[in-house]
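One structure below.
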Amino acid sequence: MCKSDLHDFLHGLPKCEHHVHLEGCLAPDLIFELAKRNNVSLPNEPAYESIEALSHRYGHFTSLDDFLRFYFIGMSVLHHESDFADLAWAYFQKAHADGVHHAEVFFDPQVHRDRGIPYETIVSGFVAGCQRAERELGLTTRLILCFVRHLPVDNAARVYQEALDQEHFDNEVVHGLGWSSTEVGPPKDMFRELYSSASAKGIRLTAHAGEEGDPSYISAALELGAQRIDHGIRLVEDPVLMEKVVRDRIMLTVCPISNLQLRCVESIAHVPIRKFLDAGVMFSINSDDPAYFGGYILDNYCAVQEAFQLTVDEWRVIAENSIKGSWIGEERKTELLKRIDDHVQRHVAAV
């Protein structure tokens, strides 16, 4: 719970989450549970001696790549459709409790496929979790297939082709493509051909850029057709590019606690929330990999409020822009915008 007088307002504010990796919702207790269920041996090192030791280690990441090592080890416990469904359901319950009404979630099939897990097992499990969230919690959900930059392009191409062969984009089992993992090092345009193919088919595109990499990584992602930028905090270093992002209504999916935990910023106050608001940059606030970074979406909202002391009107702008930048139909957008307006009006009437 944040210390701000606006905590109850922030808790009840209808939220959209656009930047959360389902594999990043593998809490230590679930990792140990699934490892036991699936007879998976975890590494013989101090961090994996207990749930408590792993939780402690998660609070001391030194970089993006340090985090990614633990992230990919965690994935190794996921074997069966029910494992993926349980993981998704665990996230959606927490998101719902934090006031999320719509969630667009990443999944990383390449890493699982390299472990011998069939693509269909992965997708079927996550779809089951999404359907349960829609049925029992009233959330709307979208799955975004996420390429990883530390694996070869032909590896991503095989997964992309599987999704096409199963018509997952046409029948909206999968609603878009993204990329993530190591930012600095691999070629900025490594997915050029895949993004060109997807763009020609009308598939929605997003990309992790401008987290550790400089603004040129954002420019490269936009040039390849990205319609959203995940992270994007280094956009402020290029005023001309920032003007373009504002003009073209490109939404950033900002993850404040993640940026802090991975040492991208020295404090939440260094995340350019105020600069984005003043410049008119569209952005949403998200949790990224909440089980690893110790904060789900409400924790991120509270951290931003404690750092910036935003007004109700500023939060309204953030919430409304998060809806406008969502990959949902106009009817659902109108419904969610109405919920925000109702919530704001109730708050104003009560103070």
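Including glycine, each Cβ sits where the backbone N, Cα and C put it.
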Please identify which of Asp86, Asp98, Asp278, Asp288 is recorded by Swiss-Prot as part of the Zn(2+) site containing His19, His21, His208.
Asp288
Around Glu211 (active site, proton donor), how many other CB atoms lie within 10 A of its CB?
24
For His19, His21, His208, His231, listed as recorded positions, tell me which one has the smallest number of other Cβ atoms within 10 Å.
His21
